[in-house]
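To start, the structure itself, in structure tokens.
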Amino acid sequence: MHLLIPAAGSGRRFGADRNKLLLPLLGQPVLAWALQAADQAQSITWIGIIGQPGDRADMEALVDQLQLATPVSWIQGGRERQESVFNGLRSLPSGAQQVLIHDGARCLATPTLFDRCSAALQTCPAFVAAVPVKDTIKQVAADGTIAATPDRSTLWAAQTPQGFTVESLLRCHRQGLKQQLAVTDDAALLEAFGLPVQIVEGEETNLKVTTPADLAIAELILKQRQFTAAIA
């Protein structure tokens, strides 16, 4: 399975002047945790890191340091995530038919999740890793008043990996660019063009590091995993 990792995270919310994926998390950069999990997954045979030119030297040095068994390629990203993934799709090895897209900021994804997602692509053409929503969700109007309360039993929180056939995702990206569609994840592109996307069970701990609080929570989860592994 081919894996693309968009890795152009901003450090703005951290008050940092560098990519948040290069910030330290329990002794190594945030990105390192996602790379190591993908490397340990039995199904992942190639990894493409999609980043910005200013981060290339640091990220390539990180890959060298980790000494991963899985081949890793660097791919230059675009101005927005959507353009970056499109660049990544066009840079896949010749003959690639299926692809997983995984945000580098979701550094707690496990090898088991990557393998489960890879297996899902053998039975469905497109999916999103997701977990059921636990909180009650409120739809709010512009003036701050509650407009609606959706039925929680039908709501899922989308994560990554998200999986697709390369042909269908490339086609949707090209159509999206022509129509100037702006989406927040790749599954939304397929949805916009009427293509079915299924749900694959994600992981409750598969959070996205966006704020300093997320980084602190991620550290606690990793420490718990290390403790559990040590006493097993």
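Even glycines carry a Cβ here, placed using N, Cα and C.
Under the heading site 'Transition state stabilizer', Swiss-Prot lists Arg13 (among others).
DSSP assigns Lys20 (site 'Transition state stabilizer') to a helix. Here the Cβ of Lys20 (site 'Transition state stabilizer') has 26 other Cβ atoms within 10 Å, regardless of which shown protein chain they belong to. Per Swiss-Prot, site 'Transition state stabilizer' is recorded for Lys20 (among others), and the stated evidence type is sequence analysis.
What Swiss-Prot records for Arg152 (among others) is site 'Positions MEP for the nucleophilic attack', and it gives sequence analysis as the kind of evidence. Cβ contacts within 10 Å of Arg152 (site 'Positions MEP for the nucleophilic attack'), excluding its own Cβ and spanning all protein chains shown: 12.
Spatially close to Lys208 (site 'Positions MEP for the nucleophilic attack') yet at least six residues away along the chain are Asp103, Ala105, Arg106, Gln159, Asp214, judged by Cβ distances under 8 angstroms. Look at Swiss-Prot and you will find Lys208 (among others) tagged as site 'Positions MEP for the nucleophilic attack'.
Counting in whole angstrom, Lys20 (site 'Transition state stabilizer') lies 32 from Arg152 (site 'Positions MEP for the nucleophilic attack') by their C-alpha atoms.
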